[in-house]
Amino acid sequence: LLLRWRRRRALWRKVEEAQERQERSLVRMEAAAQRFREQHPSVNTVSILSLPLPELSRKLRDGSLPPDHVFYAYVGKALQIATETNCITEFLQESETQLRRAKLMERQGLLYGVPVSIKDSIDCQGHDSTLGFIKNLNKPAAEDSVVVQVLKRQGAIPFVKTNVPQSLISYDCKNLIFGQTCNPLLYTRTPGGSSGGEGALVGGGGSILGIGTDVGGSLRFPAAFCGICAIKPTGNRLSKRGVMAGVVGQKAVAAAVGPLAKDVESLALCLRALLSEDMFSLDSTVPPLPFNEEVYSSTKPLRIGYYETDFFTMPSPAMRRAVRETKQLLEEAGHTLVPFELTNVDYVIFNYCVRGMFSDGGSSFVRKFKGELEKGGAGIFFWLAKAPHWLKTLLSWISKPFVPRFSSIMRSMKENTVDEVWGLHHEIQDFCHQFIAQWKKLNLDVMLCPMLGPALGIGYPGKLSVAISYTMLYNALDFPAGVVPVTLVTDEDEEQLKDYKGYYQDWWDRTLVKAFRGGVGMPVAVQCVALPWQEELCLRFMKEVETL
């Protein structure tokens with residue numbers, strides 16, 4: 001008991017030290033912003049912060065806007081949003097050194113002088129990538145991840161790291177070290193996750209461009225919940241070298257690195273910069289596909305598949321209305337909309353996604369929590385992964401008639417043999433080919449889909465792991481998928497929630513309707529999807545939706 005008490009005390013000390021470092025970071029940001037304001041009292045930071053990224057980068061490159069004016073405007077705004085939402089874990093002090101160098105250098109690189117925020121799990125030299133785990137504190141990265149190296153070569157200035165949920169396997173944003181991050185639009189709502197710190201900071205206007213990751217919706221949830229745009233590219237379009245994963249080594253559900261920003265044009269500019277020779281030479285496993293300008297700027301009418309529901313997670317009234325209104329606007333603009341029928345999404349979620357990510361019965365996932373003070377961040381997955389095989393089998397059998405979804409999750413989290421894992425990968429490949437065949441039979445260019453929304457109340461994502469169906473489908477398929485906010489929740493949407501029952505009418509459905517309530521005025525997005533390696537077409541479609 002004494003040894004255990006001493007070990008726990010040592011862990012708490014590490015947490016307190018990390019929190020003090022976070023506090024010192026914010027103090028440094030405040031001092032830097034204050035110093036700049038005193039030295040340059042005439043600089044109009046409001047007008048700088050109102051510039052969209054393409055215009056801002058143009059002014060930085062042509063010299064009409066000094067990089068220090070932009071940098072300190074964003075440091076000041078980021079500090080304000082961090083104080084309100086608790087989204088920043090660390091200020092990257094070397095960013096000021098990089099800024100001084102940038103002022104002396106030739107103005108080159110598509111992102112010259114642009115301050116960029118970076119998700120906690122993406123390595124920045126000399127800084128921790130904690131994933132919300134105490135064991136990862138005081139283990140600074142030896143070098144920058146490839147994506148950060150490319151950003152720097154393109155002239156960008158990474159200036160802060162942002163908060164994540166413990167383990168990343170969650171679409172909330174809370175861990176024991178840095179605490180809960182709130183939604184900048186309504187503090188009682190979650191900003192989404194696992195790139196939740198990014199969503200809050202970019203959504204609040206404290207960063208003009210953020211870099212996050214996505215293995216089940218981790219870019220798309222924060223963007224949709226905070227009213228901004230994001231794109232999850234095909235898994236290997238951008239380098240993942242130096243990017244920490246929630247479940248290491250699994251190949252069933254494709255993870256991806258991608259940007260978050262206020263608008264689609266900013267996402268396109270970011271991908272233009274990242275899909276450069278620098279990326280391809282630093283990581284030769286990334287296919288050398290530069291940004292296809294012709295596809296992105298095309299104006300030919302699109303043939304668009306669409307669906308209002310996946311028949312697994314019943315959409316909220318606002319989600320359904322968002323798809324219907326977007327469909328109508330697209331048709332009026334001359335595009336062709338074709339209904340697309342989704343089938344067996346329940347099988348995809350349980351058998352491909354859950355079973356794929358936890359093929360070892362969740363044992364490697366559980367090991368990550370060993371020695372941690374808190375183990376609740378990942379919700380049901382941690383507790384199920386911890387349960388012995390016989391208990392999972394028994395509970396699955398008992399609960400099947402009453403709670404079929406719970407029974408399916410239990411069954412999906414059993415330990416698989418190598419033969420079974422190979423079989424599963426083959427099955428996922430077959431499913432992907434069948435999905436593409438259905439897509440091509442309808443001669444589609446892109447797909448319009450619902451996106452979970454509005455933002456759920458804080459704490460709800462941990463209870464609602466099943467509500468990831470709309471996003472995780474496209475990680476299993478490894479299709480590029482982006483989100484664009486299109487509407488706000490109305491009083492009428494809120495009123496219609498009274499009739500919300502869900503497809504299973506189980507505890508999860510009853511909890512989801514509670515999580516949706518009280519969202520009047522919150523943004524709701526749609527999801528835009530393209531076939532693998534067609535990020536430019538996905539962005540072109542997103543731009544069309546955004547414009548309309």
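Keep in mind that glycine also has a Cβ here, set from the backbone N, Cα and C atoms.
Annotated in TrEMBL:
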type	residues	note
DOMAIN	73-539	domain 'Amidase'
ACT_SITE	K119	active site, charge relay system
BINDING	L168, S194, V215, G216, G217, S218	substrate binding site
ACT_SITE	S194	active site, charge relay system
ACT_SITE	S218	active site, acyl-ester intermediate
> If one looks at the chain holding L168 (substrate binding site), which residues at least 6 apart in sequence have a CB under 8 angstroms from its CB?
Replying inline: S121, L131, G132, G193, S194, T213, V215, S218, M244, A245, G246
> What Cα-Cα separation, expressed in whole Å, is found between G216 (substrate binding site) and K119 (active site, charge relay system)?
Replying inline: 16
>> If I restrict to non-local contacts, at least six residues apart, and a C-beta distance under 8 angstroms, what lies near K119 (active site, charge relay system) in its own chain?
In response: K161, T162, V164, S194, S195, G197, E198, G210, I211, G212, T213
> Looking at Cβ-Cβ distances, which residues of the chain lie under 8 angstroms from G217 (substrate binding site) while being 6 or more apart from it?
Replying inline: Y171, L452, I468, Y470, T471, M472, N475
> Rounded to a whole angstrom, what is the largest C-alpha distance between any two of the residues L168, S194, V215, G216, G217, S218 that the record assigns to substrate?
Replying inline: 11
>> Restricting to the domain 'Amidase' (73-539), what is the model's mean pLDDT?
In response: 96
>> Name them in sequence order: residues not among L168, S194, V215, G216, G217, S218 whose Cβ is within 8 Å of the mean position of the Cβ atoms defining the substrate site.
In response: I169, S170, Y171, G193, S195, T213, D214, L219, F221, G246, A255
